[in-house]
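**Q** Sharing a structure here in structure tokens format.
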There are 2 protein chains.
Amino acid sequence: MKAIAVEPGAGEPVLVETPRPDPAPGEALVRTLRVGVDGTDHEVIAGHHGNLPDGADRLVLGHEAVGVVEDANGTDLEEGQYVVPTVRRAPNGGNEYFERGEPDMAPEGKYVERGIVGAHGFMAEYFTSPAEYLVPIPERLAPLGFLVEPISITEKALEHAVASRSAFDWEPESAVVLGNGSLGLITLAMFETVLDIDRTYCLGRRDRPHPTIDLIEALGSTYIDSRETPVPEIPDVHEPADLVYEATGHAKHAFETVDALAPNGVGVLLGVPEPWEFEVDGGRLHRELVLHNKALVGTVNSHRGHFESAIDSLSQLPTWFTDDLVTGVYGLEEYQSAFDSDDDVVKTAVEFGGV
Amino acid sequence: MKAIAVEPGAGEPVLVETPRPDPAPGEALVRTLRVGVDGTDHEVIAGHHGNLPDGADRLVLGHEAVGVVEDANGTDLEEGQYVVPTVRRAPNGGNEYFERGEPDMAPEGKYVERGIVGAHGFMAEYFTSPAEYLVPIPERLAPLGFLVEPISITEKALEHAVASRSAFDWEPESAVVLGNGSLGLITLAMFETVLDIDRTYCLGRRDRPHPTIDLIEALGSTYIDSRETPVPEIPDVHEPADLVYEATGHAKHAFETVDALAPNGVGVLLGVPEPWEFEVDGGRLHRELVLHNKALVGTVNSHRGHFESAIDSLSQLPTWFTDDLVTGVYGLEEYQSAFDSDDDVVKTAVEFGGV
């Protein structure tokens with residue numbers, strides 16, 4: 001079967017032939033439909049993140065997949081059922097994080113990630129997976145099933161953010177998303193349509209006209225150009241934010257978030273920056289966190305429950321939004337286009353089989 | 001009646017005569033028994049924190065009080081009932097934070113604090129308070145009732161810390177208190193006796209022998225000398241901490257806490273530092289927060305529910321611990337001794353009337 005893989009040092013994905021996998025007991029065989037591409041894929045391709053499976057000389061890419069069960073192999077699934085796979089798997093026979101259904105809370109070394117860290121991904125015509133990691137999705141949502149994984153990341157982030165404010169009466173009215181990449185835009189749409197947040201803002205550093213700015217404004221949200229309004233100035237120029245969602249990985253944003261927050265607000269951090277030393281007014285930031293009951297919450301990955309919530313959220317996103325968000329779905333013969341990072345690309349996917 | 005007040009610029013508290021207050025409708029008159037002294041009082045005395053009531057030329061000190069109802073004045077309280085007052089009061093007729101019983105979540109300008117910010121404190125022979133801010137305490141606990149306010153600060157801090165970890169299965173086994181002042185020691189005792197945390201540590205910068213180190217070790221906890229083991233080295237020298245409680249106000253500790261935490265851990269920040277610029281590896285800290293699901297939660301003050309929990313926690317603290325913690329209770333004739341900050345002073349109080 002055909003697969004899209006990255007070989008160390010190559011700098012771009014290649015189409016390879018690889019044997020079709022056989023499902024082990026407890027696993028189903030899934031025929032792949034579509035697999036999304038995101039920033040993590042580009043980092044893996046560039047060699048900045050992730051690693052090969054033990055003994056492998058290449059990594060099959062892809063962690064945002066949707067497929068259809070080809071062989072249920074005695075599991076509870078049914079052939080023909082549409083499914084979305086979760087990403088993390090237990091290495092070496094499992095551990096307590098996987099046993100209690102919280103692979104997203106496992107520390108380094110306690111997981112592999114399909115398509116990213118130590119395990120082949122889903123960018124192949126078929127893949128196998130333990131049935132417990134395959135989440136059923138209605139047929140009508142299957143064409144956009146590759147959005148479930150990124151939505152699940154935000155489901156977890158918001159669950160943790162809300163939990164951190166659950167010891168008091170917290171009703172967020174204003175929220176800022178830092179970053180107008182696809183994850184930022186999806187999150188913004190969830191704030192506007194799934195949650196009930198009155199006023200939302202999305203920060204980027206792009207010139208008008210730009211399709212992402214059009215999307216932001218069509219959502220009823222306000223675009224903030226970070227070159228005109230740096231994060232710490234958001235409260236003065238717009239308003240303090242009850243919730244800040246950091247999706248850029250720009251390390252200074254984690255600290256600037258404290259200034260952008262309203263009293264009792266929470267900043268949820270998702271970006272993964274490289275080491276970077278810089279000066280902060282640590283005294284003032286520390287004091288501000290304390291005197292105004294602010295919180296910063298880091299969050300990574302997601303578990304099956306978040307995928308289930310994400311399917312519900314996906315069903316609530318307006319069609320015009322997902323139509324505009326997905327700027328390209330490419331067949332195998334033009335898979336390279338899915339990895340283009342031209343300025344007008346928002347979200348792409350590779351199509352392995354028709355939905 | 002006699003009161004202990006601070007006058008701007010004086011640098012030390014003075015004994016003054018002031019009229020005994022009359023309770024307004026809804027208020028009770030309380031005869032003061034004991035009032036504790038803490039670091040905030042020393043900051044107010046030094047002029048680094050707090051401000052005078054409108055139109056006043058001095059501030060009556062004291063926010064950690066216990067007293068007995070002298071005149072219930074038609075409220076639900078009973079004369080002779082022992083009570084502990086909460087600290088924050090609504091300015092100018094109230095606001096939504098006070099209406100929903102969460103004065104601790106009110107931002108600056110939405111509260112005054114008795115004995116600290118814009119309102120006279122409890123270091124007087126009598127004080128008045130709305131009955132809703134007077135929390136009944138059993139007679140047998142009244143001699144230590146001045147510990148309820150500091151314990152309530154930790155009740156809130158731990159409630160917020162636990163809430164921030166409530167979206168997953170979190171069972172903290174190790175906890176570090178940064179700071180071996182009285183609040184740090186009280187918190188350590190709560191970890192050991194009220195909560196069920198297996199392994200606790202307390203960081204300070206004092207030479208042996210010292211009464212606080214004896215207290216730490218008598219609690220079954222481990223003393224960490226920060227001059228030998230800086231906060232970021234705690235995981236290597238001892239173990240990563242599921243919970244870090246920052247009670248020093250040393251601004252670098254807020255950032256170093258991220259390194260001291262175990263995966264999925266939470267650092268709760270209570271100190272109130274002055275502005276201080278310094279260099280951090282912000283990229284690494286941000287990445288660490290995200291990839292290991294860590295959180296930092298700032299918290300200040302406490303509400304009535306925390307005072308009620310604190311009375312329960314106080315009842316569970318061993319007598320030997322509170323005996324050793326309270327190094328002096330001084331009558332009005334020697335009130336100045338309660339404000340001494342000799343190295344062997346741990347916790348003091350001023351006694352206005354016999355319990």
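Just so it is clear, glycine is given a Cβ too, placed from its N, Cα and C backbone atoms.
Just so you know, TrEMBL annotations never went through curation; they're auto-generated.
Under the heading substrate binding site, TrEMBL lists B:T40, B:E113, B:E149, B:N301. Residues or ranges marked as NADP(+) binding site in TrEMBL: B:N180, B:G181, B:S182, B:L183, B:R205, B:R206, B:L270, B:G271, B:V272, B:T299, B:V300, B:N301. Look at TrEMBL and you will find B:25-139 tagged as domain 'Alcohol dehydrogenase-like N-terminal'. The feature domain 'Glucose dehydrogenase C-terminal' is assigned by TrEMBL to B:143-352.
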**Q** Pairwise over B:N180, B:G181, B:S182, B:L183, B:R205, B:R206, B:L270, B:G271, B:V272, B:T299, B:V300, B:N301, annotated as binding NADP(+), what's the top Cα to Cα distance to the nearest Å?
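**A** 27 Å is the greatest Cα spacing among the residues binding NADP(+).
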**Q** B:R205 (NADP(+) binding site) has how many other Cβ neighbours within 10 Å of its own Cβ?
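**A** By my count, 13.
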**Q** I need the neighbours of the substrate site defined by B:T40, B:E113, B:E149, B:N301. Which other residues of that chain put their C-beta within 8 angstroms of the C-beta centroid, in sequence order?
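**A** Output for this site, in sequence order: B:H63, B:V87, B:R88, B:G115, B:I116, B:I153, B:S302.
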**Q** Considering only the binding-site residues B:S182, B:V272, B:V300, which residue has the minimal Cα-Cα separation from B:T40 (substrate binding site)?
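**A** Answer for the nearest of the binding-site residues: B:V272.
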**Q** Determine the minimum-neighbour residue: among B:L270, B:V272, listed as binding-site residues, which Cβ has the fewest other Cβ atoms within 10 angstroms?
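**A** Among the binding-site residues B:L270, B:V272, the lowest count of other Cβ atoms within 10 Å belongs to B:V272.
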**Q** Going through the binding-site residues B:T40, B:L270, B:V272, B:V300 in order, which have a C-beta under 8 angstroms from some C-beta of chain A?
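**A** Near chain A: B:L270, B:V272, B:V300.
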**Q** Per DSSP, what is the helix/strand/coil residue tally across the domain 'Alcohol dehydrogenase-like N-terminal' (B:25-139)?
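**A** The domain 'Alcohol dehydrogenase-like N-terminal' (B:25-139) comes out at 19 helix, 43 strand, 53 coil.
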**Q** Cβ-Cβ under 8 Å from B:N301 (substrate binding site), same chain, 6 or more residues apart: which ones?
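**A** The answer is B:V87, B:R88, B:P103, B:D104, B:E113, B:I153, B:K156.
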**Q** Please identify which of B:T40, B:N180, B:S182 has the densest Cβ environment, defined as other Cβ atoms within 10 Å, among these binding-site residues.
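**A** That would be B:N180, with the most Cβ atoms nearby.
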**Q** Rank the binding-site residues B:E113, B:E149 by the number of other Cβ atoms within 10 Å of each Cβ, and give the residue at the low end.
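**A** Fewest other Cβ atoms within 10 Å, among the binding-site residues B:E113, B:E149, is found for B:E113.
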**Q** Provide, as an integer number of angstrom, the distance between the C-alpha atoms of B:E149 (substrate binding site) and B:S182 (NADP(+) binding site).
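**A** Cα-Cα distance, B:E149 (substrate binding site) to B:S182 (NADP(+) binding site): 12 Å.
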**Q** With every protein chain in view, what's the tally of Cβ atoms within 10 Å of the Cβ of B:V300 (NADP(+) binding site), excluding that atom itself?
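**A** If we count other Cβ atoms within 10 Å of B:V300 (NADP(+) binding site), we arrive at 20.
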